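Copied from TrEMBL, the annotated features are:
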type: DOMAIN; residues: 220-301; note: domain 'RCK C-terminal'
type: DOMAIN; residues: 308-393; note: domain 'RCK C-terminal'
type: TRANSMEM; residues: 6-21; note: transmembrane segment
type: TRANSMEM; residues: 28-50; note: transmembrane segment
type: TRANSMEM; residues: 56-77; note: transmembrane segment
type: TRANSMEM; residues: 142-167; note: transmembrane segment
type: TRANSMEM; residues: 179-199; note: transmembrane segment
type: TRANSMEM; residues: 410-427; note: transmembrane segment
type: TRANSMEM; residues: 462-483; note: transmembrane segment
type: TRANSMEM; residues: 503-530; note: transmembrane segment
type: TRANSMEM; residues: 542-560; note: transmembrane segment
type: TRANSMEM; residues: 580-599; note: transmembrane segment
Amino acid sequence: MSIEITLTLTIVSMTIMLLVTSRLRIDLVALISLCALALVQLLPGVTPFVSNRELIAGFSSNAVIAIIAIMIISAGLERSGGSRIVAALLLRLGRRSNEHLRNLTMLSVGGLSGLMQNVGACALYVPVVRHICLRMNINPGFLMMPMGFAVMLGGCITMLGSSPLIILNDILPPEIPPFSLFEVAPIGIGLLISGCLYFQLWGKHFLPAAEQQSDTEHNERLNRLYGVDCQLHTLHIGAEFPLSGHSAGEIEEKYKINIIALAHQQLSLSPHRDIIIPAPCNIGVIGDPEDLLRLCQQPGVQRSERCEPLLEAISATNAGITEIIIPPGSSLAGKRIRDIRIRRSYGITPLAIYRHNHVQQLQLRDVELQVGDSLLSYVSWRDLNRLASDKDFTLIDQHEPKLIISPDKLIIAVSAFVIALALSIFSPLSLSVSLLCGATIMIAGNVLSMDDAFHAVSWKTVFLLAGLLPLGAAMTNTGSSQWLAEHTLSLLGQHASEINLQILFAILASSFSLIISNIGATIVLTPLAIGITTSAGYDPRPIVLLIGVCASNAFLLPTNQVNALIQGPGNYSAKVFKQVGAGLTVSYAVIAISIINLLY
């Protein structure tokens with residue numbers, strides 16, 4: 001084994017380890033990997049194996065440009081108001097039964113996710129599903145997971161639905177013909193139909209019943225999920241109170257309560273932490289009963305129901321508790337709550353944060369927001385209306401305001417999307433250039449501003465992809481993939497049949513996608529699969545396509561972006577993902593392998 005192969009495999013192993021441990025951001029890991037490839041070539045005795053052009057080629061690759069463009073197109077379709085039209089159509093067609101509605105929802109979002117990136121389709125449909133559930137009095141947990149899983153299933157209908165399929169053609173060597181836009185369609189359609197049947201026969205048994213909860217049950221659910229007592233209390237603060245004249249933040253930290261309203265000379269909802277609590281005054285608070293009791297035992301503090309302006313301001317007709325999600329592309333991701341001044345800027349009082357089955361109630365100001373975070377918040381409906389058009393938030397609560405539909409913008413958005421697809425199918429332009437034309441039409445047509453377009457792009461995904469692509473080139477140029485292929489074949493011996501190799505790589509792609517991301521799994525496994533199948537005398541295209549498809553087989557954990565988006569709105573625990581996802585993971589691999597062997 002040459003020193004170049006040793007260095008390449010060491011960097012690949014280091015990258016996988018860093019991605020698995022999650023100690024660093026995945027985009028930073030990708031950049032570290034890129035820089036490591038560049039620096040090790042400076043060592044004495046090392047023959048350069050990745051050119052400077054190859055090291056930075058990822059930033060201008062077809063895959064990166066295509067992903068950027070499809071994110072902008074997805075944002076344009078969402079901002080144009082199409083989600084309400086989809087919701088109205090599903091409501092009209094799905095009234096026959098809840099099961100019929102679930103199947104319609106899965107088929108529609110699955111078809112859509114084949115034409116736009118998975119995360120964009122899911123972000124578009126979360127408020128759609130929530131709106132449908134409110135109109136038909138259905139528990140969101142009955143529809144959210146089928147919808148989210150259908151996004152991942154339908155993303156395999158075209159080569160632009162999921163990131164692994166988008167990058168697949170970019171990492172193929174020149175001697176292997178690229179895949180056409182709809183070449184993967186039979187697999188994606190088969191997966192989507194099998195997913196609907198799976199939920200009809202098996203998956204539904206692990207989901208909540210369709211019947212909606214009453215308001216009391218809704219508050220109890222929030223209490224169980226976030227550990228927050230949602231009861232509002234009004235208190236009178238007298239001059240004897242020891243902390244009168246102190247800031248709201250100091251009082252909140254000392255007594256572990258949230259001040260959601262202040263009535264003094266003026267009325268203030270969601271007062272910012274720096275505001276002074278004078279005496280006498282009246283405040284509205286939310287908190288644990290024991291903490292409230294401790295506060296009420298202080299001199300000058302007593303419960304009061306006499307301040308009519310305060311009671312009116314915090315009534316359910318004017319304000320309340322809502323759940324808000326941080327969506328992909330939000331500019332708030334990676335920022336601390338204290339830095340964005342969430343109360344002053346947005347009128348939001350955060351009460352708790354739900355992330356990956358864990359809840360945080362205290363020291364929220366120091367929490368760095370992440371995509372998929374679900375914020376239990378107190379907010380006035382007036383401020384919530386403003387948030388409805390804010391790309392940094394996704395609203396899922398029952399007081400979600402109506403989205404304004406602009407027919408002109410909707411026509412432009414849909415036309416831009418259709419033009420992009422037509423160019424990619426019927427013209428000699430590449431997929432990336434075709435999609436970029438569609439994105440440009442949306443911006444020029446004022447569906448999105450240029451700033452909106454920049455915010456719509458998940459730059460973490462872009463840097464992850466651009467940083468990892470040189471790894472694939474290094475594995476090919478140094479012969480690392482061929483070396484691994486030969487040793488793998490020698491270990492498999494007589495068991496290295498084509499079907500066994502397909503099963504092996506389906507398992508590896510599904511497993512790697514859970515621990516190092518679907519993009520990382522595709523980039524690492526594709527050169528290896530090409531080397532093994534070529535050495536064994538098989539056509540590499542079917543198994544490469546299988547890797548791209550199975551890299552989206554990530555139903556077991558709520559860690560990928562789609563699952564993170566649906567976990568909070570559906571009130572799912574990690575256990576539910578395992579219960580529902582286990583069977584679907586197996587059936588996904590079986591269906592994909594079967595169709596590959598039948599048609600490819």
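Cβ coordinates are placed from backbone N, Cα and C, and glycine is handled just like the others.
Automated prediction, rather than curation, is the source of TrEMBL annotations.
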Paired segments the transmembrane segment (142-167) and the transmembrane segment (28-50) in contact, 3+ CB pairs under 8 A: no
Overall pLDDT of the domain 'RCK C-terminal' (308-393), taken as the mean: 83
Intrachain neighbours beyond the transmembrane segment (580-599), with Cβ under 8 angstroms and 6 or more residues off its ends: 145, 149, 153, 186-187, 190-191, 194-195, 198, 202-203, 206-207, 499, 502-503, 506-507, 510, 542-543, 545-546, 549-550, 553, 555-557
Positions on the same chain near the transmembrane segment (6-21), where near means CB under 8 A and six or more residues out: 29-30, 32-33, 36-37, 40, 43, 46, 49, 468, 471, 474-475, 478, 480, 484, 515-517, 520, 524
Result, the transmembrane segment (28-50) in contact with the transmembrane segment (179-199) (3+ CB pairs under 8 Å): no
Same-chain residues at least 6 beyond the ends of the transmembrane segment (542-560) whose Cβ lies under 8 Å from its Cβ atoms: 118, 149, 152, 155-156, 162, 164-165, 168, 172, 176, 179, 183-184, 187-188, 191, 356-357, 498, 501-502, 505-506, 509-510, 512-514, 517-519, 521-522, 525-526, 529-530, 533, 567, 572, 574, 577-578, 580-582, 584-585, 588-589, 592-593, 596-597, 600
Three-state composition of the domain 'RCK C-terminal' (220-301), taking helix and strand from DSSP: 23 helix, 25 strand, 34 coil
Outside the transmembrane segment (28-50), six or more residues from its ends: residues with CB under 8 Å to it: 3-4, 7-8, 11, 14-15, 18-19, 58, 463-468, 470-471, 473-474, 477-478
Same-chain residue ranges lying at least 6 outside the transmembrane segment (56-77) that approach it to Cβ under 8 Å: 34, 116-117, 119-121, 123-124, 160, 163, 166-167, 169-170, 329, 391, 413-414, 416-417, 420, 430-433, 435-436, 438-439, 442-443, 447-448, 452-453, 456-458, 461-462, 465-470, 473
